[in-house]
Amino acid sequence: MKKHVKQIHEGVKPKDRFSCEFCGQSFTHSCKLKLHLMKHTGERPFTCKICNSTYREKHQLTSHMKVHSGDEPFKCPICGRRFLQKSYMEGHMRKHSGEKPFKCTVCEAGFTQKGYLRDHIKV
C-alpha cells in the first residue's frame, strides 16, 4: 500500500527496470519494452489475411480491416467525405478551417497534419 501511495498519489515513479539494448530507453514494464523493441527489429506479428499488410499491435490490424470492410464511420459535416478514424477526419477538417497548428521551427511554415510537417522537415 505504501508503494502504491508513493507511486500514484505522490508522483514518485518506480525506477525504469527494463532498458532497450539498442537505444537505452527505459521502461517500467517488460511488455512496453517488448513493443518498443519491435521498432528496432522490424517485427510486425499481426498480418492482414487479405492484403498482407503487417502491424506491431493487434489494434492496428483491427483498424486496418475497416479498409476492406468499407466501414468508414466518421463523416465530414462540410463535404461528406468519410474516414476510417476520427483523427483522420479531424486532420481533414483543418483543410476546411484553414487551421495549421503544426509549425516548422526553421521557416514558420504551417501544416494541417503532423505528418506533413515531418515530410517538410525531411526535405
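Heads up, the Cβ atoms here are built off N, Cα and C, so glycines get one too.
Long-range neighbours of the domain 'C2H2-type' (18-45) within the same chain, counting only residues 6 or more positions beyond its ends whose Cβ lies under 8 Å from a Cβ of the stretch, are 54-57. Under the heading domain 'C2H2-type', TrEMBL lists 18-45 (among others).
Here TrEMBL flags 46-73 (among others) as domain 'C2H2-type'. The average pLDDT for the domain 'C2H2-type' (46-73) in the predicted structure is 91.
For 74-101 (among others), the entry in TrEMBL reads domain 'C2H2-type'. Helix, strand and coil content of the domain 'C2H2-type' (74-101), in residues and according to DSSP, is 12 helix, 4 strand, 12 coil.
Per TrEMBL, domain 'C2H2-type' is recorded for 102-123 (among others).
Applying DSSP to the domain 'C2H2-type' (102-123) sorts its residues as follows: 9 helix, 4 strand, 9 coil.
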